[in-house]
Amino acid sequence: MAPRTFTLLLLGWLGWLCCSSARAAAARLGVPRAVEARAPPRAQPAASTAPAPFAAGGGARSAPPERLRVAIVGDVHGQWDEGDASALRELRPPVDLCLFVGDFGDEDVVTVESCARSELPFPAASVFGNHDAWFSLDKRKRRPKKAARDYDGQTALDAQRRLFAPRNLEYERRELPELGLTVVGGRPYSIGGPIWPPFYVEQYGLASQIESADRIGRVATNAQARDLVFLAHNGPAGLGAARDDICGRDWPHRVGAHAGQSGGDWGDRDLADGIRMARKAGKRVPLVAFGHLHRRLIGGGLRQMVRVDDDAGTVFLNAAQVPRWRGPGVEPLGYDAAEAAAGLASAGDGADEHVDGAVGVREPAIERKQHWFAIVEMAAGNATPSGAGADGAAGAGGGDEGLHVERVDACWLESDGTIAAQELWYCRQAHAQKNARAATTQAHAAKQSADAAGARRARAAPRRSAARAAPAARGAPGAGAKQPKQLGALEPADTRAARAPPRARAQAPAPAAPAAAAASARSGGTSPAGADQPAD
């Protein structure tokens, strides 16, 4: 390149740089550009009709609806199709919010895509479960070919996140001002218990449940709404350690002192701490929805699916009804057949019965395919009747207006929205009446115990009075008590003998006679007493 050409190019570049700097300075000073002055004015955006955002920290906000209906989808495990979406769309009264608790399948992108593309005319939120990272959580598990294939250059894990991106809550929240609440996501892909796989360090940079709890707490405390609904795959710790508790371990321990025995709290400590942090920040938590631990226990029996914290006004709901389908044409799930062989079958009612191959439980004959949902009825009103928040959080309840759970129903729906079967799991009014009866019974038992203690004290009072008056009746105060020996005081032998007990006086030798009496006895005379007696 010739020197002149190089010089011209350098001067041109310097001129362009100076013009760019001048335009930037003019923009900062508010000087309009000539080209923008000649351009036609832009249309102003239309005013937003969305509700006003909530004030942070639970301040003033638009009033929540008087009643709210939430549909909770338990562990899917591949059981989702258009019939499920149709059942929710046609259900009456209509659904206002849908929550997925995860476990769509073993990194099953097809089922996740089916759920994500379902046309639901209401907001939805979801969190992934441990089966959704089945091969990523444990590198020792061998991926099948269909799970290892590439999805548009993404892994199965990333493809699931992309499909559920608007609804996926991985340490995130979804603000729903039109419903008067915020949905807060807990730890995704949770296995439960104290296990902390390296997966969380790789994916989120979290090395322990303490760091996870801090992240959940920050997400919850920064929510705009005051009423929070927590959505997680596994429930929080602290809800019981029995095998049939809502988060209890129902499979036996392999090692340790409890090897071969079931039981233990399998809840997530980080979720429990996150909820506690939200309450201390002045938030209300009317509902915590999760799944993971199935209703039918290994070895037989049913799990308690609802737990209520009366002090905080929180309902904990385990929606892990597996399988979610029943009826003709429903193929059994692999582990459900194993559970049925382990003795989970129970007798049903009705003359016309069949064994539902999906769960191994005898049910009345079903003509049409049915889909399971947990339907939660929420209402605005006195969120905490007791007026005291949990963990000493002022204002967490307070008895003011807020959302609370009225009832929880387990429903089997047909695709047209018809409720084929319904089971009441929780009713706020019935629960309050039960607590009132329990309080009355406890107060009655306490009164009876106090009356019995008073009667015992009344019967013992005369005996105590008589015991206190006995020394005075016998003589001087303290009579009958052992007198301390006076050191250095001498007393005659006859005085000591007179003070001795009768038996001791009888066994004591007689006092020695005077010397004259002893001499007379030796001379053959009579005793001194006999000297005064007449001779024979």
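From the backbone N, Cα and C atoms, a Cβ is placed for every residue, glycine too.
Checking TrEMBL for region 'Disordered' across the ranges 39-62, 279-302, 351-374, 399-422 points to 39-62. Below 8 angstroms of C-beta separation, not one residue of the same chain at least six residues beyond the ends of the compositional bias 'Basic residues' (456-466) sits close to that stretch. Computed over the domain 'Calcineurin-like phosphoesterase' (68-295), the whole-number mean pLDDT of the model equals 93.
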